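Q: Quick paste of what Swiss-Prot says about this protein:
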- C172: active site, acyl-thioester intermediate (ACT_SITE)
- R74, G75, G76, Q77, V78, T79, Y80, H81, S141, L142, G143, G154, L155, A156: substrate binding site (BINDING)
- 35-210: domain 'BPL/LPL catalytic' (DOMAIN)
- K138: site 'Lowers pKa of active site Cys' (SITE)
Amino acid sequence: MTHLLQDKIIVRQFNVQPYEPVSLAMHNFTDRRDDKTPDEIWLVQHPRVFTQGQAGKEEHVLMPGDIPVIQSDRGGQVTYHGPGQQVMYVLIDLKRRKLGVRQLVTAIENTVIGTLAHFQIKAHARPDAPGVYVGERKICSLGLRIRKGCSFHGLALNIAMDLSPFLRINPCGYAGMEMTQVSDLVPGVTLDDTSPVLVNTFLQLVGYSAPEFIPWALDVQGEPLPD
């Protein structure tokens, strides 16, 4: 059974969902899971929102204006989510996969680097600043939380979005950090192009061989709606 669970992962496509119900659902999933619960990946876009990580400082939220600021329990500082950005949450039993937190972070960064390479974009990670960069510009943010040996939260990859709200914050706590996105580097690329590559690259790097793809929606309490 353990061998089968190590191979299996459920990939859920949420489309556009408000941040708070999805965050609640991640917490509920993690609190309720046991050693027989398959790992999951959640793909989602969020309406415009700033999320402040556990290490977040108020001075890095410069001019939020009409965009809400929501406290999150992920690692890191403030970032922005909006339509056209692919958020991928990774809900993984690290003990079962024999993965350390640093190994998971590296796998996520390498997933994004490999995905971008598929579109002829040369990207890299930085030891001093988590995430993925093209030159000096940041293209992907990441932040995780570990509970009961299981991960939740994940990455946010800029694909084809309005980047201007990033000017209202110091992204991830870095004043003057410039952001970029896939569609500025390779015109015409969409989430539909990048999302399958992102998921498949992650599955290959972490070693899942039996993905199951399920569309899913949530109610306002963060519970699954029937198909």
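A Cβ is built for glycine as well, from the same backbone N, Cα and C atoms used for every other residue.
Describe each of these features in terms of where it is and what it packs against.
A: C172 (active site, acyl-thioester intermediate) is surrounded by 21 other CB atoms, counting those within 10 A of its CB over all protein chains shown. According to DSSP, C172 (active site, acyl-thioester intermediate) sits within a helical segment.
The local packing around G76 (substrate binding site), expressed as other Cβ atoms within 10 Å of its Cβ over all shown chains, amounts to 21.
For the domain 'BPL/LPL catalytic' (35-210), the model gives a mean pLDDT of 92.
In the three-state DSSP classification, K138 (site 'Lowers pKa of active site Cys') falls within a strand.
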Q: Using a 10 Å cut-off on Cβ-Cβ distances across all protein chains shown, tell me which of the binding-site residues (R74, V78, G143) has the largest neighbour count.
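A: Buried the deepest by this measure is V78.
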Q: Rounded to a whole number, what is the top Cα to Cα distance in Å among the residues the record ties to substrate, namely R74, G75, G76, Q77, V78, T79, Y80, H81, S141, L142, G143, G154, L155, A156?
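A: Across R74, G75, G76, Q77, V78, T79, Y80, H81, S141, L142, G143, G154, L155, A156, the two farthest Cα atoms sit 15 Å apart.
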Q: List, in sequence order, the same-chain residues at least six positions removed whose CB sits under 8 Å from that of S141 (substrate binding site)?
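A: For S141 (substrate binding site), the qualifying residues are G76, T79, P130, G131, L155, A156, P171, C172.
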